[in-house]
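Enquirer: What follows is a structure written as structure tokens; I'll ask about it next.
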Amino acid sequence: ATGADNDLYINQAVVFIEDAIQYRSINHRVDSKSLWLYRWYYSRICQWILGLTITIILALAFIETPSSLTVTSDVRYRLPAWDPPCGLTESIELLCFFVFMVDVSVKSYLVGWEEFWKNKWLMAYILTLIVSLTDWIVSLSFFCTETVRIRRILRPFFLLQNSSMMKKTLKSINSTLPEMASVVLLLAVHLSLFTMFAMLLFARTKDGQQDNERVRYFRNLPDSLTSLLVLLTTANNPDVMIPAYSMNRAYSIFFILFTVLGNLFLMNLLTAIIYNQFRGYLLKSVQSSLFRRRLGIRAAFEVLSSLKETPANAEQSCVSVGALLQVLQKVEMDSHCKQAIMRSLKICSSDQLLAAQFQKLFEELDKDAIKQHPPSPEYQSHFMQKMQFAFGHPYFGYLGNVVALANIVSICVVLVMDADKQPSERDDFFLGAINCFFILYYLLEMLLKILAMGLKRYLSYPSNRFDGLLTAILLVLEIATFAEYGFPHPGWRPEFMGLLSLWDMVRLVNMLIVFRFLRIIPNMKFMALVVTTLLDLVKNLRAFAGILVVVFYAFAITGVMLFKGAVVPIGNIRKVVVLSFKEKCDFMSSVTFRLRLFAAYFIYLLSVNLICRWAKIYFVAWWLISSVIWVNLFVALLLENFIHKWDRRCHRASLSDIEYQRTVELMFRDVLEEPTEEELMEKLHQHPHLHLCR
């Protein structure tokens, strides 16, 4: 029995430490079978299957009727799209629903019934599955001919509920909404007042001088409100003021005041409020993640202190080093952190660890991930040492940047000279010759750097991998060009041969050369800071991208269902809205339409008058969520990340052989508060399934 208890405590500690690593809640069952099921559920294969299932059910929108499986979206040129037979996509959906039912069943069992009824996400998960299955049955009963499918709008929920960071981000956004609502209300007042001023200013007159402005933009209250709302986005500026300005320059004062108050003050005030409030709520979310990590580590300490090998006469709870080593052998964690903890244990002076020492060991999880580059090879030859010094020196890299700049300039000169020439008049000899010269230099530069740095050290730098990959691709393309068309010579202009014409090959090479010029970024510190900030956002703020996918997906599906067949073709001409919400509209066109709305909001919003005035609500809602709220949220996080990096670069030594990798949690590490022992123990005693002896 003692051995079985010890095995249980070891397995509990393993799971608690893995929970701490992933910032997961420890409020789950902790018996032997449940622990095995828990680790199986969070294993890579199970999470991969769940992620694949979510991807498949979201991707069904591309092949469901109306299908997006066409090369072009233009209805004038595309062939009839393939529509899957009834039951094909529904069968795939049923398999996905089965995986989700297993997922929610396992989650519900692991947290226990008491916690299940407190978990709103699990309740919403079950409700979503019930509604989706009901709608699926209705579809089959109508032989897939129904136009409204509610379950398609609910599909993004499966992506949302599977990410804890997305749920935290959504909670933070929800908490920020009251403050954002006050500014949005102020914007509404601003719009309403200026709408009334516009209707009074451009009212119908006896001589009809103002009719042009009134008829086009301010005919009635809805049109006036729409015109000024679009002007707030600057999409119809200066078109909306041209008729009035042509008649009297003084009318421009009205539009200038509206734009200055709305765009320069209120919209930027909204950005400031979102930055201030959302940063605070995100900080609270990250603080709770830190508490979860500390709680998981402390729970592991408490169960390990219950092992039989712990000294009975110890005044304080302690854990043996051997027990911790046994746990670390089973824990799935980053090898760098595991090795660092084991090194600390080897130099530990005592065989027993107190709670504070135990927590300090796992602070390795909170540190920056450090990547150290391999050393350069050591040559015995004096000549090779000089070669290594010369070609490993930063100045050799600067020379490569100058050569790359010269390559870009030469391409620009040739493009300017050949801009007005017909393809039959163009001579590709000069461009082919200079490309051949520069590509040979890039190859020589890469080989010399490998000689100086060694292959492992060369490949350890992302900039070198980027440079080497493009150089290899350019070399392959150049060899293929020579094999197909021969070496460059005056009048080098053969006809189309093989897969690509000579001009296509040269263009592809030139595009890659231009792309390769990005190698200069690491050598410019301020530009490198900006780029690393953007890359950190791409890598770490996946939760924001996920929620953006949810919003795009939901609005795209809703648009397809709302506006399907709403506009009837008139002869051979279709109105602008038909291009995105036509009778044969597909999911891909609708998603693309969402992107086009950012730039062409004015055209689309005015075009919905062809359908129904109430359709404007849909477009205004999209503008508020995407452009007003979401863009400002992204700007807030971009500012926070950039300011954090800017401050840290002043305090961190610049070491060429070390790369620091930041996470979202580490962005706020300097301002987070450590939880007290009393808070941790109080939370542990409230655990629904873990019963501690003290």
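Cβ atoms here come from the backbone N, Cα and C positions, even for glycine.
Below are the features I grabbed from TrEMBL:
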type: TRANSMEM; residues: 45-63; note: transmembrane segment
type: DOMAIN; residues: 52-278; note: domain 'Ion transport'
type: TRANSMEM; residues: 122-143; note: transmembrane segment
type: TRANSMEM; residues: 180-203; note: transmembrane segment
type: TRANSMEM; residues: 251-275; note: transmembrane segment
type: TRANSMEM; residues: 395-417; note: transmembrane segment
type: DOMAIN; residues: 397-642; note: domain 'Ion transport'
type: TRANSMEM; residues: 429-448; note: transmembrane segment
type: TRANSMEM; residues: 469-487; note: transmembrane segment
type: TRANSMEM; residues: 499-519; note: transmembrane segment
type: TRANSMEM; residues: 551-573; note: transmembrane segment
type: TRANSMEM; residues: 593-611; note: transmembrane segment
type: TRANSMEM; residues: 617-639; note: transmembrane segment
Enquirer: May I ask for the residues of the chain that lie six or more residues beyond the transmembrane segment (395-417) and have a Cβ under 8 Å from a Cβ within it?
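Expert: For the transmembrane segment (395-417), the far contacts come to 430-431, 434, 438, 441-442, 445, 448-449, 510, 513-514, 516-517, 519-520, 523.
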Enquirer: Who are the long-range neighbours of the transmembrane segment (45-63) in its own chain, taking Cβ under 8 Å and residues 6 or more past its ends?
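Expert: Contacts with the transmembrane segment (45-63): 69, 82, 84, 89, 92-93, 95-96, 99-100, 103, 152, 155-156, 158-159, 162, 553, 556-557, 586-588.
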Enquirer: Where, among 122-143, 251-275, 469-487, do we find the most CB pairs under 8 A to the transmembrane segment (617-639)?
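Expert: Selected stretch: 251-275, with the most Cβ pairs under 8 Å.
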Enquirer: Mean pLDDT for the domain 'Ion transport' (397-642), rounded to an integer?
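Expert: Taking every residue in the domain 'Ion transport' (397-642) and averaging pLDDT yields 70.
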